[in-house]
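Working notes, beginning with the structure itself.
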Amino acid sequence: MDINELLKKENLNRDEIVYLLGLSDEKEINLLLERADEVRRIYCGDEVHLRGIIDFSNYCEQDCLYCGLRKSNKKLPRYRMTPDEVVEVAHKIINKGIFTIVLQSGEDGYYDTDQIAYIIYSIKQKADVAITLSLGERDFEEYRTWKIAGADRYLIKHETANPKLYAAFHENQKLNERLEHIRFLKEIGYQVGSGNMIGLPNQTLEDIADDILLCKEYDLDMAAFGPFIPAPDTPWENKKAGDVVLTLKTMAVARIVLKDAHIPATTALATLDEDGRIKGLKAGANVVMPDFTPSPYREKYQIYADRRCVNDNPDYCRSCLQLQIESIGRKVSSSRGDSFKLLSHKN
Ligand code: SF4
């Protein structure tokens, strides 16, 4: 296939996506990344959207084989922040000029419908910020209640579009159920983010192509493609981490295919490569999700090992990111950074 012709195409099919993911020639990879950067500029502009994450509980009722928060990991010290602590941290994030708050936890039913609704409502009283929930699979009625309380977005990774691969690392959850949650969340008006992990054992380039196509089929508002990183004290602790270049190629192809979806430069990528955020932003990404969970909790949110910036003071994070973003001629957005799809429907 001629790479220049391929990169000019409006729509890529599965074989073409697999071909691009398999590129090994450095010049051709650079052409792919440059095209993704161009598509990002056309559809998303030069602004980078910051999403401030609060990891408010590291308890989880699930047992995903790769994840450090899995319930069978008895070595992880557990914590739960109180609803008022969460609201207080959210207000600090807003005061730093960040207008999306991501409330994230393991699947932790300790926080009932009303507690989460209270947190959402209380944060919304302070400012016109967007609230993203990342709480795993919860009850459909809860999703509705939280939407009414003011939640805007839901982040729930499909992890892999291959049902067999999915079943290999989930004990109780099924891919078709997860996809049902994604469909329902879209239906009731959430801006929905999903995504995969790159470098799962036995994952093929075809699987990754299917991940990208699934994000397209579901018309997702955000799609995250991050490398798998093994976590200590889990059954997958000795597996090999995902590859940085393959992750960048995936992000770039995803940008070309998904066009106006938000794509983050993930913390996982920055964990494997200290320039990962910048490389990601140059490979099609337009979002960064800094962690504002306060100490002594943040060190304990160990989905995987040695998370980037985990030992930094969150107060430092905002200015550090701004410098990184401006160093490549981009600027930090001062908007909520809603879905481009939503904005284009409004116009
Ligand atoms: S991946 Fe999510 S659901 Fe699975 S164990 Fe980790 S926190 Fe729980």
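Glycine is treated like the rest: Cβ placed from N, Cα and C.
Predicted, not measured: the structure shown is a model, and the values here were computed from it.
Now, the feature entries from TrEMBL:
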| type | residues | note |
| --- | --- | --- |
| BINDING | C60, C64, C67 | [4Fe-4S] cluster binding site |
| BINDING | S134 | (3R)-3-methyl-D-ornithine binding site |
| BINDING | E159, R178 | S-adenosyl-L-methionine binding site |
| DOMAIN | 46-268 | domain 'Radical SAM core' |
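One way to see the shell of the [4Fe-4S] cluster site is to take the Cβ centroid of C60, C64, C67; the remaining same-chain residues with a Cβ within 8 Å of it are Q62, D63, Y66, G68, L69, R70, K71, G106, E107, I303. Between the C-alpha atoms of C60 ([4Fe-4S] cluster binding site) and the residue listed as '(3R)-3-methyl-D-ornithine binding site', the distance comes to 13 Å.
With the fewest other C-beta atoms within 10 Å around its C-beta, C67 stands out among the binding-site residues C60, C64, C67.
Closest by Cα distance to C64 ([4Fe-4S] cluster binding site), from the binding-site residues S134, E159, R178, is E159. Mean predicted confidence for the domain 'Radical SAM core' (46-268): the pLDDT average there is 97. For ligand 1, the binding-site residues lying close by, meaning a CB under 6 A from one of its atoms, are C64, C67; the full candidate list was C64, C67, S134, E159, R178. S134 ((3R)-3-methyl-D-ornithine binding site): 18 other CB atoms within 10 A of its CB, across all protein chains.
Reported as a whole number, the C-alpha separation between C67 ([4Fe-4S] cluster binding site) and R178 (S-adenosyl-L-methionine binding site) equals 17 Å. For the pair E159 (S-adenosyl-L-methionine binding site) and S134 ((3R)-3-methyl-D-ornithine binding site), the C-alpha distance works out to 14 angstrom. The DSSP secondary structure for C67 ([4Fe-4S] cluster binding site) is coil.
If you draw a 10 Å sphere around the CB of R178 (S-adenosyl-L-methionine binding site), it holds 19 other CB atoms from the protein chains shown.
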